[in-house]
Amino acid sequence: MRIKTRNFIMQTQQILTQLFDNQPLSQEQAAFIFGNIVKGELSNEQLAGALIALKIRGETIDEITGAVTALLAAAEPFPAPDYPFADIVGTGGDNADTINISTASAIVAASMGLKIAKHGNRSVSSKTGASDVLTALGVNIRMSTEQARKALDEIGIAFIFAQQYHLGFKYAGPVRQALKTRTIFNILGPLINPANPKRQLLGVYSPELLKPYAETNLRLNHEHSIIVHGCGLDEVAIHGLTQVAELRDGKIEYYNLSPKDFGFEPQPLESLRGGAPEENAKILTALLQGKGSEQQAQAVAMNTALLMKLFGHEDIKQNAQQVLEQLTTGKAFETLTKLTTY
């Protein structure tokens, strides 16, 4: 930890006072404070106070954007490719304990020729997060940056494990665990992929998050983002309406999608229940081999259909049918098998 200058102390105190007075921060102020949080420059008491003040008032777009830019600047670098690539990620926190739909969709999309740099972490709120199920499937989630980029180039998918790139998060860990409540860090997770993709399918646990994420991605110059909330899920829903915020070419459009828009009938959410990592790994293995249930295949088809839209495949009904056909070939399982060799 560096010696704190008088200027640093005054600036930090001014920002904290502003937060405690219920005043919003500018993007620059948010970048300053979060840049210093991940350097370990704030005391636990200061950090706890800042996080609670932000949570109680509600984080602004400026604050989220400033925090994202600071955390990306502090992250270990990932060499982003020149070709188009996307991320598919969820906030978690929907408490539904479904199978890992986003992870399966990422693998299927890669087997169809799309490039997916999937950013993820260990589960906090569900039984099995992306990294938990991938580990159970035999994937080395701690592959080096070079290996991850090689996998992205060669087989179309890389897993970027958050803990390996955001080393400064350790400074916030004890406070976050002590608070035992969602903070701005839960909002930031899906936005801080170090590969910095400009295309993203993002699932959120609450419909109230659609607008903040869409507007933040607009500020972050995303080319095409689709943010979804599906009837309580941070995925596209097989059991009801999905609320959507789509950012494209600097404009945000809000609309709803039903299973019928993808060519399907609604299915019960219960059919997607998962469990521990080993159980979810077995389900995903069968699914990627074309031996999953109709409902599981439908969930992956609907989510992958929107992922395909980010790459210019506009007809989501046609996309969903292509995904179902792809699942029957077993090629998605081949892609997973290749991923385990990196």
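Placement of Cβ uses the backbone N, Cα and C atoms for every residue, glycine included.
On a predicted model such as this, the values are computed, not experimentally measured, just so you know.
What Swiss-Prot says about this one:
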- Gly90, 93-94, Thr98, 100-103, 118-126, Ala130: 5-phospho-alpha-D-ribose 1-diphosphate binding site (BINDING)
- Gly90, Asn121: anthranilate 1 binding site (BINDING)
- Ser102, Glu235: Mg(2+) 1 binding site (BINDING)
- Arg176: anthranilate 2 binding site (BINDING)
- Asp234, Glu235: Mg(2+) 2 binding site (BINDING)
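Overlay of Swiss-Prot annotations on the structure.
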residue : record                                              : DSSP class
Gly90   : 5-phospho-alpha-D-ribose 1-diphosphate binding site : strand
Thr98   : 5-phospho-alpha-D-ribose 1-diphosphate binding site : strand
His119  : 5-phospho-alpha-D-ribose 1-diphosphate binding site : strand
Arg176  : anthranilate 2 binding site                         : helix
Asp234  : Mg(2+) 2 binding site                               : coil
TODO: With Thr98 (5-phospho-alpha-D-ribose 1-diphosphate binding site) as the reference Cα, tell me which of the binding-site residues Asn121, Arg176, Asp234 is the closest one.
DONE: Asp234
Open item on the list: Nearest by CA distance to Asn121 (anthranilate 1 binding site): which of the binding-site residues is it, out of Gly90, Ser102, Arg176, Asp234, Glu235?
Closed with: Gly90
Open item on the list: Are there binding-site residues among Gly90, His119, Arg122, Arg176 that sit within 10 Å of Asp234 (Mg(2+) 2 binding site), Cα to Cα? If so, list them; otherwise say none.
Closed with: Gly90
Open item on the list: Please identify, from the binding-site residues Thr98, Asn121, the residue with the sparsest Cβ neighbourhood, meaning fewest other Cβ atoms within 10 angstroms.
Closed with: Asn121
TODO: Work out how many Å separate Arg176 (anthranilate 2 binding site) and Arg122 (5-phospho-alpha-D-ribose 1-diphosphate binding site) at their Cα atoms, rounded off.
DONE: 15
- [ ] Round to the nearest Å and give the CA-to-CA distance linking His119 (5-phospho-alpha-D-ribose 1-diphosphate binding site) with Glu235 (Mg(2+) 1 binding site).
- [x] 16
TODO: Give the distance between the Cα atoms of Gly90 (5-phospho-alpha-D-ribose 1-diphosphate binding site) and Glu235 (Mg(2+) 1 binding site), rounded to the nearest whole Å.
DONE: 7
Open item on the list: I'd like the Cβ neighbour count for Asp234 (Mg(2+) 2 binding site), meaning other Cβ atoms within 10 Å of its Cβ, all protein chains included.
Closed with: 27
- [ ] Please report how many Å separate the Cα atom of Glu235 (Mg(2+) 1 binding site) from that of Ser102 (5-phospho-alpha-D-ribose 1-diphosphate binding site), as a whole number.
- [x] 8
